[in-house]
Structure formats: C-alpha cells, structure tokens
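Working notes, structure below.
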Amino acid sequence: MTFVRALKAQMLCLRHSALVPLHLVCALVAGLACGLYFAVSPWNITLGFDAFVQLLGALMPLMAGIVCGLDVNAEEEATKLSGLLSAVSRQQALFARIALLWLMGVGTLAVTIVIFALVLLVAARDVPEVSVWLAGIGGLALGSIPLYLMLYTTALQWGRNAAISIGALGLILAFFSVGGLAYGLMTGELTATALNMFAYLPTSWAIILGSAPIEWAVAAGAASFTDTLDAVISTVQLMMGLCMIGSALFAGSMAIWISRFEPTQRGE
C-alpha cells in the first residue's frame with residue numbers, strides 16, 4: 001500500500017465529514033470579522049496584520065486539538081478505528097489521515113488570511129504584499145505539523161477531551177511566547193523575535209513562524225527596525241530547524257507506537 005493510495009482511501013473516509021464545512025465556516029467568520037474590525041480601527045495596519053496572523057498561530061494548537069479529537073471520536077463511533085488499524089500499513093493510513101487534516105487546516109488558514117486581506121483592500125487600507133501573505137501562511141503551515149502529529153496521537157491514546165484540553169493549554173502558551181494577545185499591536189514592538197522560554201515549545205512554533213515574515217516586512221520598511229532584520233532571519237532559521245527536528249521525532253515515535261497500539265473502550 002503506497003502513501004498515495006492511503007491518502008486516497010482516507011479522502012474517501014473524510015468526504016462526508018462535518019469537519020469540511022466546519023473548516024470553511026471558521027475561515028469565513030474569522031476572516032470577515034477580523035477584517036471588518038481592522039478596516040475601521042485606527043491601528044497601524046501592518047502591525048494589525050501581524051496581530052491577526054499571531055492570533056491564527058495561537059489558535060492552531062486548540063483548533064488542531066479539536067479537529068484531531070473530533071476525527072478520532074467519529075472514527076471510533078463509525079468503525080471502532082478499523083479504518084486506521086485494519087489497513088495493510090497502519091503507519092501509512094495514520095499519516096495519510098493526519099496529512100489530510102493538516103491540509104484542511106492549511107487551506108483554512110489560507111482562505112482566512114485572503115479574506116482578511118481582501119476586506120482591508122476593499123476598505124482602501126494598505127496591506128503587505130502577497131508574497132508576505134504567502135510566507136506567513138507557509139510559516140503557520142510548517143509550524144502546525146508537530147501539533148497535528150502530537151494531538152492526533154493524544155486523541156487516539158487518551159480520547160477527544162484530552163486532545164482538546166492540551167490544545168487549549170497550547171493556545172495560552174503560544175500567546176505567552178509573544179508577550180500576550182495583541183501585545184505587539186498595542187506597544188508597537190515586533191514580538192516574534194523575543195524568543196522567551198515559551199517560544200521553544202511546539203505549541204509556539206506556528207505563531208512565531210507565521211508572524212516572522214510579517215515582522216520582516218515591517219522591519220524592512222521602517223528605519224527604526226533595521227536592526228531587527230537579522231534577528232527575524234535568525235529566528236526563522238532556528239524555529240524551522242526546531243520544527244523539522246520535532247516533526248521528525250514525533251513522526252518516528254508515532255510510527256513505532258501505532259504498530260503496537262490497541263484501542264480501549266472509552267465512555268466520553
């Protein structure tokens with residue numbers, strides 16, 4: 001069983017899932033609501049864009065926890081996890097399912113940011129270049145890979161509520177990594193390069209990698225932030241390295257663990 005075939009099989013399993021419209025609704029609501037707010041608010045729009053991307057990055061642990069928890073719960077109720085555990089290769093089936101959920105998450109992030117930016121453009125507000133949006137989406141996507149690996153495993157082992165609870169804790173820790181909700185927007189500081197102790201946790205990688213390209217654009221366009229450019233580049237290199245190493249370790253551990261995993265009955 002190749003990974004591509006496993007991916008196609010899991011796509012068939014998810015085609016009628018409620019997670020698909022859930023992702024779309026979240027993208028529309030978040031993009032429109034935040035876009036309308038910043039369209040009429042007096043905040044610096046580039047820092048506002050940064051704050052919005054940081055909000056999305058901080059939400060990723062919680063959203064991944066909810067999505068992974070609901071998916072595992074639905075799979076348990078429908079097939080007792082046979083769609084994953086009865087496959088020729090459990091590893092390929094599991095990674096294919098996680099990859100699809102991650103791709104849905106990335107698509108949601110992309111749609112959300114595009115809607116947000118379009119609302120601002122319609123309101124005649126200046127926004128960063130499209131390349132900056134794409135870099136921010138790429139950072140959010142890369143930083144969220146370990147979250148899906150970690151939280152899907154959590155949902156399989158301990159259930160939906162455990163995955164959601166850890167995701168909620170991850171949201172708080174992610175905000176701590178940049179000083180708090182909209183801290184940079186209110187103070188005018190670029191917070192992705194602060195790298196406090198919370199920044200090294202997997203729950204913070206999405207918010208930092210997503211925010212860094214936006215803050216690079218801010219620093220490149222303001223003489224007062226020229227010293228920050230090197231710090232942003234160093235931060236991206238460090239966080240990308242941590243993210244890739246962390247993802248590899250999580251994936252390797254999961255591959256070993258799933259081959260021995262036996263589901264238990266849970267009353268949730």
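A Cβ is built for glycine as well, from the same backbone N, Cα and C atoms used for every other residue.
Taken from TrEMBL, the feature transmembrane segment applies to 20-40 (among others).
Per TrEMBL, the feature transmembrane segment maps to 52-73 (among others).
Marked as transmembrane segment by TrEMBL: 94-124 (among others).
When Cβ-Cβ distances below 8 Å are used as the criterion, the transmembrane segment (130-151) is approached by residues 53, 56-57, 60-61, 64-65, 68-69, 98, 101-102, 105-106, 109-110, 113-114, 117, 163, 166-167, 170, 202-203, 205-214, 216-217, 236, 239-240, 243, 246-247, 250-251, 254 of the same chain, each at least six residues removed from its ends. Under the heading transmembrane segment, TrEMBL lists 130-151 (among others).
Per TrEMBL, transmembrane segment is recorded for 163-185 (among others).
The transmembrane segment annotation in TrEMBL covers 205-226 (among others).
For the transmembrane segment (238-258), the list of distant contacts is 90-91, 94-95, 142-143, 145-146, 149-150, 153, 156, 195, 199-200, 202, 205, 208-209, 212: same-chain residues at least six beyond its ends, Cβ to Cβ under 8 Å. Taken from TrEMBL, the feature transmembrane segment applies to 238-258 (among others).
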- Does the transmembrane segment (163-185) make contact with the transmembrane segment (52-73) through 3 or more Cβ pairs under 8 Å, each pair 6 or more apart in sequence? yes
